[in-house]
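Let me begin by presenting the structure, written as structure tokens, before commenting on it.
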Amino acid sequence: MTESSTTTFQSSSLCRFRIQGMTCSACSLGIESTLQNIHGVKRATVALATEIAEVEFDPGLVTLSQLLEASEDMGFEVSVISSDENTTILYLKLENSVGEEELLKTSSIARLKGIEAIELDQSNKRLTISYLSDLIGPRKIISELESSGVQTSLLDEKEKQAFELKNSDITNSYRSFLWSLVFTIPVFFTSMVFSYIPAFKQGFLERRVVNMLTFGTLFRGVLSTPVQFVIGWKFYIGAYKAMKMHCANMDCLVVVGTNAAYFYSVYVVIRSSTSKDFDNEDFFETTTMLISFILLGKYLVALSKGRTSDAISKLMKLAPETARLMVYDEEGRLTAEEVIDRRLVEKNDLVKVLPGEKVSVDGLVVMGESQVDESMITGESKWVSKANGDEVIGGTMNGSGVLQVRVTCVGSHTAVSRIIRLVEGAQMEKAPVQKLADRISQYFVPLVVGCGIVTWACWYTLGMLGLYPGEWVPSYMDKFELALQFGISVVVVACPCALGLATPTAVMVGTGVGASQGVLIKGGQAVENSHKVNCVVFDKTGTLTAGKPTVVTTNLLTIMSLVEFYQLVAATEVNSEHPLAKAMVEHAKNHAQMQTWPEACDFESFTGHGVKATINGKRVLIGNKGLMQKFDHQIPSVAIDFLDAAQCLGHTAVLVAVDGHVMGVIAISDPVKPEASRVVSILKRMGLKTLMVTGDSQLTANVVAKEVGIDFVMAEAKPEEKAQKIRELQREGLTVVMVGDGINDSPALAVADVGMAIGAGSDIAIEVANIVLMRSNLEDVVTAIDLSTKSFNRIRLNYVWALAYNVMAIPIAAGALYPFVRFRLPPWVAGAAMGASSVSVVCSSLFLKYYKRPRELDSLELQGIQVK
């Protein structure tokens, strides 16, 4: 963490911070365990692949600074990413020198409502301010700072990226590797090349310094020392951190292996300089080459890991850099139009979007009409009409019209920010299969060190007892050195990193690919469960159907004008969020020619059945047959006939009662999505059982089910009955996906093994679900299952490779092949193999980037099917 001072004005119950310096899953597990054991912490998750910790805590029991301090006490570098999901962070560059006391003395800014925290980084002249965008905006913050004498400017994005790159693992690993080469190359040539050139060997390498100590040995010792203790110091730090957390990691293996080689070589130097007959070879080339190859491996892993998060980088670049701000005076007259940095836009600002420009903000259109391409969010390459009152999303492309947009969301509240947060959260969540790797990692390093010691002891004992031929020992070694090399090779060839990276890298790439295709998978749990799915349960309205129902017929059963009838219906249903209610209100506006209606009193909703309210003293009840019976309303036979006729056509029929008498029947049609039957057919060919569970009537549900090809239907189901049906299927041994969009689907989405929410559905359904289908397209149900299956298969392949590598490499390093083919693995080669194993696992995960959705779905496009 950079040297900085932080002043916190308000705690948060959820924070994220970056932890640098973790080497394998043992580190992430140790930090996670330490944070989890702090009093007041409810949940702590540490992701090795993303180097991010997410902590949920009680601000009354523990503060953010205490959490950071606990992480830093373990020896890791920590920097705050966010202290609240609702917090927006402003990065400023200081134009004049400011001390912490001066900043606090001029701290009228500190007393501003909405300011959460100020972090001053004097060494890099950076000021980081966390604030609540609902209460204050960036322009007011900068203005307040300038009035206090603190001159600032927005930190340039490229400058910020350069700063982050400067402190990244990629840059640090690359720099360390290059420095290690400076010392390792001369050591390598003197021990591996020049020693075979007689003139150089006799003229320099074997020239005596004192007694038996040669120039070659001393030269290698001098060059290897900075590699071991300066460049390799990070391994000592990593091992120390692990010991503090009462665990062992990869750094422990490197420290044990390199120290064994280095200090034995130091022993050789001391003995040869004090003896006239001691003649032994040093291992200095082992320690330098071993550290260099491990640093190369760490650099390649860091490089590969950086590529796994491309999806988030691309999402961050969607929004344009500037916005066209419309400035008004106190009397509401337009005085100017300013092109400002998008990060300076505040809530309720008015922004103009010209033809062909990207929409810079999330907001509501207040003037103008245009077509907007929302493919970057929905994945659907089509233009959507926008007019007064319609929502627009930052990053989408405006067409030929001019739009004036009132800003409704900024910072972390924007659509792109929410998607990024969802993808980041998914990448942090651990799959259950990873628990096995975590358990293995806890015992892996001590077991490997033990194997190394046993290997050395066995070979040395066998040699001393003469149990293997003397010619097995190379001419430049003795039996002790041969045994020591086998022991060191065992220690350094083992790789716990490959196990630790197997799951998170595959999940990162899989969720990133899904996000680019409009399928947001919320973590490893969803990936693992989805691959086991053998049953798909669909809701009807808004899922199998378009979700935009329209009134097709209205049958009045009494002498009442259509205007009076729909005045009561609209006044009641305008309070409901149900798609059928919106259809009736829309019909009242467009066909009954009314824009206003009386205020409803005593409104009450009966989920899955209907609503009731009092309008101008009249008791209005609107819903299905069950709701009428619940209130003891008699349903005339003519109304029942209308109900049956509408339901036979696949329409939803709604009864309207006033003061206890059924006054009319409204038939509403919700067309089936054109791709629904084909998707159901594909799922069946995949061997999945398909069902439909809906709150609609049995007749209507049967008609829709027959049209799409679903065999089993459960109709007129309440939300709790939907959830109960999911549980019944699970008790039968089925792994169930529930696909829904409404609030009434949320219990079933939560109970299902995998909940899939249609992106156009309710916020509650999206929050509860494990997977969100952003395009509201049923094709993505197949894509989500297929992508999850391929991601999990990749995880399996990664584990097979990681485990197979260790199972094969350790015996070979221990000399299992040496008695038969005289093949042994020198320690520096073993170190290179260890780095290669981690790189191979990450590269294996990166192959998911080339994922293609099932060919059957492409045939849907060829048939010209599109979802409007």
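For all residues, glycine too, the Cβ spot is worked out from N, Cα and C.
All annotation found in TrEMBL is predicted automatically rather than curated by experts.
Feature annotation from TrEMBL assigns domain 'HMA' to 13-79.
Annotated transmembrane segment per TrEMBL: 176-197 (among others), in sequence order.
According to TrEMBL, the feature transmembrane segment maps to 217-236 (among others).
Annotated transmembrane segment per TrEMBL: 248-270 (among others), in sequence order.
Annotation source TrEMBL lists transmembrane segment at 282-301 (among others). For the transmembrane segment (282-301), the list of distant contacts is 23, 169-170, 173-174, 176-177, 180-181, 183-184, 187-188, 191-192, 217, 220-221, 223-224, 227-228, 231-232, 235, 254, 257-258, 261-262, 264-265, 268-269, 481, 484-485, 488, 492, 497, 501, 826-828, 830-832, 834-836, 838-839, 842: same-chain residues at least six beyond its ends, Cβ to Cβ under 8 Å.
Sequence-remote contacts of a segment are chain residues at least 6 beyond its ends whose Cβ falls under 8 Å from one of its Cβ atoms, and for the transmembrane segment (443-462) they are 26, 247-250, 252-253, 256-257, 468, 479-480, 482-484, 486-488, 490-491, 494, 496, 499, 810, 813-815. As annotated by TrEMBL, transmembrane segment applies to 443-462 (among others).
The transmembrane segment feature in TrEMBL is assigned to 482-502 (among others).
Annotation comment: TrEMBL describes 799-821 (among others) as transmembrane segment.
Counting only same-chain residues 6+ beyond the ends of the transmembrane segment (827-848), those with a CB under 8 A from a CB of the stretch are 254, 257, 261, 283, 285-286, 289-291, 293-294, 296-298, 300-301, 304-305, 307-308, 485, 488-490, 492-495, 497-498, 501-502, 505-506, 508-510, 513, 790-791, 794, 797-798, 801-802, 805-806, 809, 813. For 827-848 (among others), the entry in TrEMBL reads transmembrane segment.
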Seminar exercise, completed: Given 176-197, 217-236, 248-270, 799-821, the one sharing the most C-beta pairs under 8 Å with the transmembrane segment (482-502) is 799-821
Problem set entry | Arithmetic mean of per-residue pLDDT over the domain 'HMA' (13-79) | 80
